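Undergrad: So TrEMBL says this about it:
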REGION    A:1-23  region 'Disordered'
DOMAIN    A:27-90  domain 'ThiC-associated'
REGION    A:93-135  region 'Disordered'
COMPBIAS  A:93-105  compositional bias 'Basic and acidic residues'
BINDING   A:Asn201, A:Met230, A:Tyr259, A:His295, A:Ser315, A:Arg316, A:Gly317, A:Asp356, A:Gly357, A:Leu358, A:Arg359, A:Glu395, A:Tyr422  substrate binding site
BINDING   A:His399, A:His463  Zn(2+) binding site
BINDING   A:Cys543, A:Cys546, A:Cys551  [4Fe-4S] cluster binding site
2 protein chains.
Amino acid sequence: MTNKDARTPASVQDDMSQEAGKSIGWHKAYVEGSRPDLRVPVRQVHLTNGQSVTLYDTSGPYTDPLVDTDVRRGLPPFRENWIIARGDTEEYAGRPVRPEDDGIKHTSPRGGLRNLDAVFPGRPRQPRRGRSGQAVTQLAYARRGEITPEMEYVAVRENVSPEVVREEIAAGRAVLPANVNHPEIEPMIIGKRFLVKVNANIGNSAVTSSIEEEVEKMTWATHWGADTVMDLSTGRNIHTTREWVLRNSPVPIGTVPLYQALEKVDGRAEELTWEIYKDTVIEQAEQGVDYMTVHAGVRLPYVPLTANRKTGIVSRGGSIMAAWCLAHHKESFLYENFEELCEILAAYDVTYSLGDGLRPGSIADANDEAQFAELRTLGELNRIAKRFNVQTMIEGPGHVPMHKIKENIDLQQEICDEAPFYTLGPLTTDIAPAYDHITSGIGAAMIAWWGTAMLCYVTPKEHLGLPNRDDVKTGVITYKIAAHAADLAKGHPGAQEWDDALSDARFEFRWEDQFNLALDPDTAREFHDETLPAEPAKTAHFCSMCGPKFCSMKISQDIRREHGGSRGEIEEGMAQKSKEFAASGNRVYLPIAD
Amino acid sequence: MTNKDARTPASVQDDMSQEAGKSIGWHKAYVEGSRPDLRVPVRQVHLTNGQSVTLYDTSGPYTDPLVDTDVRRGLPPFRENWIIARGDTEEYAGRPVRPEDDGIKHTSPRGGLRNLDAVFPGRPRQPRRGRSGQAVTQLAYARRGEITPEMEYVAVRENVSPEVVREEIAAGRAVLPANVNHPEIEPMIIGKRFLVKVNANIGNSAVTSSIEEEVEKMTWATHWGADTVMDLSTGRNIHTTREWVLRNSPVPIGTVPLYQALEKVDGRAEELTWEIYKDTVIEQAEQGVDYMTVHAGVRLPYVPLTANRKTGIVSRGGSIMAAWCLAHHKESFLYENFEELCEILAAYDVTYSLGDGLRPGSIADANDEAQFAELRTLGELNRIAKRFNVQTMIEGPGHVPMHKIKENIDLQQEICDEAPFYTLGPLTTDIAPAYDHITSGIGAAMIAWWGTAMLCYVTPKEHLGLPNRDDVKTGVITYKIAAHAADLAKGHPGAQEWDDALSDARFEFRWEDQFNLALDPDTAREFHDETLPAEPAKTAHFCSMCGPKFCSMKISQDIRREHGGSRGEIEEGMAQKSKEFAASGNRVYLPIAD
């Protein structure tokens with residue numbers, strides 16, 4: 001399966017199952033909550049010693065052989081009953097979908113390019129919103145003391161009490177992004193008291209990509225562990241691509257509505273208006289987008305602060321808004337209309353991701369006046385959003401050298417009342433295009449340890465091109481490493497059990513268990529087989545690094561066997577054991593082949 | 001060129017030149033010191049704007065088209081005159097090379113396996129050592145106030161004064177590994193006041209690899225930036241492989257003599273003796289090994305401390321010594337004979353790398369009693385080595401979660417009188433076999449920021465197999481990123497110039513400059529071309545991420561053009577500029593293709 005195959009989205013699912021099937025040694029299981037329709041998926045790894053390890057699972061129904069998935073139909077809307085049961089939302093006719101939603105002008109000669117077959121064929125639905133402008137958000141529920149099924153679901157997932165989940169959401173320290181129009185998702189939570197999360201970006205551009213590639217990247221990203229996915233499409237078929245992605249995504253979907261709004265004015269930033277933007281937000285909220293990046297912190301007075309930067313404004317959203325402010329010499333229409341925007345988001349439970357449009361794009365620009373001026377505005381906007389019961393997280397940089405990272409999270413937590421921080425890396429150096437998953441993985445691990453709640457991945461293609469399927473996988477795996485390293489450093493309860501299980505398997509030469517417990521079992525197995533392909537090597541008590549004649553792990557096992565027990569026993573028994581060891585032939589290792 | 005090709009070492013060089021030739025846009029240049037034979041190589045990157053950037057270069061004469069290199073002859077021994085001129089060394093007959101040095105027993109039926117063609121055919125030479133046991137070390141010279149040509153060489157390389165180099169070496173805070181029998185190397189320095197260095201491990205094992213592969217990996221590793229290379233061979237032809245590697249290496253070579261000593265006793269740790277070990281050290285010192293890992297800190301009383309660890313002893317050297325102590329119930333022969341060993345090393349200027357045989361092999365074992373007990377002994381041995389004028393660095397872990405990393409470097413610096421710390425990663429989680437270059441790159445960057453002087457790379461094959469050529473490159477690049485990120489965070493003078501040059505190129509759409517300044521120009525170019533292969537795209541003022549219609553960098557350039565200057569001017573001119581901008585057609589970007 002390559003990216004070059006021209007295929008319909010329908011074929012994605014089969015390939016995914018096949019991929020999943022390759023990873024033997026684990027199966028999808030469910031932990032039941034307090035009600036039969038609350039079943040939380042986990043990845044159950046079966047070890048050869050009869051034990052099993054339970055891991056967090058983001059792969060959705062695709063890895064459950066008992067669920068018959070079909071990307072043309074979409075995932076089952078299992079959360080729908082919970083939403084309906086609350087009785088505070090209503091279905092309504094909704095905004096009609098227009099050709100320009102997909103970038104097609106009635107007058108455009110290019111209208112014919114649109115691939116009508118691509119329209120999502122799944123179940124017809126009407127959008128839903130809060131009755132008479134009610135805030136139907138998890139924040140509103142948490143504040144009035146209600147524990148929703150969504151909260152209980154994430155409590156099971158995170159192995160904490162539902163009350164902890166409710167408290168963190170109520171305090172604004174965590175968000176549970178779950179648009180009432182996206183009932184397909186498996187609820188998840190983003191907050192510093194919980195496991196660090198990873199977002200994967202997908203999306204076409206004017207230059208490249210297709211709908212099926214984007215749907216495939218979404219399922220592929222969640223297969224490897226992405227907790228949320230942002231659809232950053234900027235080319236054709238934006239609306240339709242998003243529909244396919246939303247209906248098939250088991251994780252919350254984020255967008256930057258400004259990108260689509262810009263397409264509607266044919267790329268002319270200065271022609272953007274609050275009305276066009278607002279219409280786009282409603283369009284996306286009706287489709288079910290769970291969180292939206294809003295660059296309302298890019299204010300007119302901050303634009304000149306970027307003039308003497310090394311790399312100016314590198315955020316697309318930030319530069320669109322800067323261009324708009326520049327053209328009209330007016331305050332940002334997002335900033336000016338923020339309260340109205342809050343009312344809209346509250347009606348669908350769309351979560352804010354307040355964008356850092358002025359984030360540094362180079363080491364030289366890190367932590368400068370422009371960046372922190374915007375951060376202070378984000379703190380102000382966060383407080384407004386909370387007044388409207390809108391869940392809010394704050395986006396962060398960018399390019400930041402290691403010694404300036406901590407200041408970012410500390411300031412953000414202070415200024416934004418501990419709202420979840422959601423950072424892109426940060427990249428700790430500019431010198432390694434093609435390896436920015438690594439330059440940024442370093443910064444991501446550190447900032448997550450210090451309190452960032454979600455990390456936006458960076459792929460090897462950053463700065464160079466759009467990620468393909470392999471890049472998406474590399475980006476997700478790198479960021480899962482950063483997130484887990486942070487979970488360990490934060491002392492997250494239970495995080496080390498995974499490391500311990502894998503290290504036990506390593507020490508005991510249980511190669512198959514080591515592979516199955518690995519973040520990427522396929523590649524671990526493949527690398528091992530490159531040097532020692534024979535099947536017996538998988539049960540051999542040695543590996544290719546030392547070979548059969550000498551093995552340090554084996555010696556350690558001998559030491560443990562001889563010295564296991566309390567320190568007293570160990571010291572006492574040493575001389576005796578030494579004699580026995582000599583008597584047994586003085587072999588630290590009996591070669592199995594020579 | 002693949003690893004599977006069966007080729008003689010002679011062909012390596014040609015391929016390397018070809019590889020080097022692919023990276024256009026830079027050339028090898030030399031900075032002259034105070035004497036004509038002191039020429040320090042640099043990588044001069046030529047930018048399309050007429051400027052150039054000078055980068056540190058480790059690739060040796062292989063990337064100089066004016067030098068006629070031949071791996072069968074070896075590199076020119078350009079440092080020989082400096083050594084002879086000091087007049088404190090003498091040539092002598094040396095220890096005869098024996099078949100068992102290559103793992104061949106006279107009585108062994110397998111003796112015939114040895115490939116005699118593999119014997120290094122280059123210039124015949126006699127070994128050299130300090131006259132009548134004199135310490136001919138850079139430490140001895142530095143202490144008596146002498147600035148050697150080697151010290152001046154590294155001063156030019158590091159862009160500091162020679163006196164700083166001398167002071168740091170004299171204080172034991174830096175080492176300049178340079179065996180008098182390795183005159184081919186381009187001197188380099190390891191210490192926290194200098195650029196963070198990267199070591200790459202190569203070496204065959206009983207299971208795999210050949211001499212030519214190892215020589216190729218060495219040149220390949222230095223091509224991508226390895227500052228030193230350790231030959232960790234454990235299989236056949238250890239002596240001969242090392243000879244080829246040494247005679248062709250432009251960087252210092254490190255070894256673990258214990259590995260070869262163990263081969264001489266056919267893998268039976270308990271049959272090791274001080275005499276066999278000492279003989280092996282002399283054999284390797286005569287060949288020119290620049291630094292040796294010595295696991296003299298694995299003392300008898302510490303062995304039981306590892307019994308209840310999750311992964312016991314994971315260092316090969318550590319477990320050999322533990323097995324020996326266990327078998328004899330005696331104190332380590334390395335610890336007991338450490339002073340005699342110091343005398344030998346001082347006579348050749350071999351630098352100690354005091355091994356951390358009890359380093360943790362899993363997150364669970366990090367910073368435990370066994371590890372720190374050994375560290376305290378290394379502090380003691382460091383002081384003894386200094387008495388004998390032997391340059392000394394200290395090895396560090398291993399597997400350490402982020403929150404426990406700083407304690408490692410802080411304790412090491414305190415206990416070991418600021419001797420250079422040389423760490424393996426550390427790996428910040430155990431869960432990602434096949435990605436341990438990344439799990440460890442995170443820890444490496446952090447510990448280097450906090451003071452580690454040299455990082456031992458980890459490749460994607462760690463825990464799974466021996467690295468091939470691609471793995472070596474990935475490991476080196478990952479660690480160059482970690483090292484440079486640390487140089488930035490430490491505020492190393494001049495480090496940020498590289499980032500700034502690349503970010504300038506990025507901001508100004510000088511794609512070719514961006515590639516040529518990249519740590520890996522080939523891959524950066526390849527990734528860009530995947531999406532936009534056409535030659536015009538390399539000069540285009542956009543990239544595949546946003547496409548031609550909208551580009552944030554372009555908008556930033558507009559802002560700079562309109563608002564460049566002081567804050568006052570900027571604010572003043574804003575309304576005016578806004579009008580002009582509107583008058584000019586309100587285009588934030590004029591599409592070059594649509």
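Note that Cβ sites are derived from N, Cα and C of the backbone, with glycine treated the same way.
What you are looking at is a predicted structure, and each value in this text was computed from that prediction instead of being measured.
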Undergrad: Between the Cα atoms of A:Asn201 (substrate binding site) and A:His463 (Zn(2+) binding site), what distance do you get, rounded to the nearest Å?
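TA: The separation of the Cα atoms works out to 14 Å.
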Undergrad: I need to check the long-range neighbours of the compositional bias 'Basic and acidic residues' (A:93-105): which residues 6 or more away from its ends have a CB within less than 8 Å of a CB in the stretch?
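TA: Same-chain contacts beyond the ends: 111, 113-114, 126-127, 235-240, 260, 263-264, 266, 279, 282-283, 286.
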Undergrad: Where among the binding-site residues A:Arg359, A:His399, A:His463 do you find the Cβ with the fewest other Cβ atoms within 10 Å?
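TA: Candidates: the binding-site residues A:Arg359, A:His399, A:His463. Fewest Cβ atoms within 10 Å: A:His463.
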Undergrad: If you count, for each of the binding-site residues A:Asn201, A:Ser315, the other Cβ atoms lying within 10 Å of its Cβ, which residue has the minimum?
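TA: Lowest Cβ count within 10 Å among the binding-site residues (A:Asn201, A:Ser315) is A:Asn201.
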Undergrad: Using Cβ atoms and a cut-off of under 8 Å, determine which of the binding-site residues A:Asn201, A:Tyr259, A:Gly357, A:Arg359 neighbour chain B, and list them by sequence position, or give 'none'.
TA: none
Undergrad: In the structure shown, which of the binding-site residues A:Gly317, A:Gly357 has the fewest Cβ neighbours within 10 Å?
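TA: Each of the binding-site residues A:Gly317, A:Gly357 was scored by Cβ atoms within 10 Å; lowest is A:Gly317.
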Undergrad: Please determine which of the binding-site residues listed here (A:Tyr259, A:Tyr422) has the lowest count of neighbouring CB atoms within 10 Å.
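TA: Minimum Cβ neighbour count within 10 Å, taken over the binding-site residues A:Tyr259, A:Tyr422, occurs at A:Tyr259.
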Undergrad: Let me know the DSSP-derived helix, strand or coil state of A:Asn201 (substrate binding site), please.
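TA: DSSP assigns A:Asn201 (substrate binding site) to strand.
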Undergrad: Can you tell me the CA-to-CA distance separating A:Arg359 (substrate binding site) and A:His463 (Zn(2+) binding site), as a whole number of Å?
TA: 15
Undergrad: Could you state the CA-to-CA distance between A:Ser315 (substrate binding site) and A:His399 (Zn(2+) binding site) to the nearest Å?
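TA: Cα to Cα, A:Ser315 (substrate binding site) and A:His399 (Zn(2+) binding site) are separated by 12 Å.
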Undergrad: Using DSSP and three states only, what is A:His399 (Zn(2+) binding site)?
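TA: For A:His399 (Zn(2+) binding site) - judged by DSSP and reduced to three states - the answer is strand.
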Undergrad: Give me the largest Cα to Cα distance among A:Asn201, A:Met230, A:Tyr259, A:His295, A:Ser315, A:Arg316, A:Gly317, A:Asp356, A:Gly357, A:Leu358, A:Arg359, A:Glu395, A:Tyr422, the residues the record lists as binding substrate, in Å as a whole number.
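TA: Across A:Asn201, A:Met230, A:Tyr259, A:His295, A:Ser315, A:Arg316, A:Gly317, A:Asp356, A:Gly357, A:Leu358, A:Arg359, A:Glu395, A:Tyr422, the widest Cα separation comes out at 20 Å.
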Undergrad: With DSSP assignments reduced to helix, strand and coil, which class does A:Tyr422 (substrate binding site) get?
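TA: Note: A:Tyr422 (substrate binding site) is in a strand by DSSP.
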Undergrad: On the 0 to 100 scale, where does the mean pLDDT of the domain 'ThiC-associated' (A:27-90) fall?
TA: 95
Undergrad: To the nearest Å, how far is the Cα of A:His399 (Zn(2+) binding site) from the Cα of A:Gly357 (substrate binding site)?
TA: 13
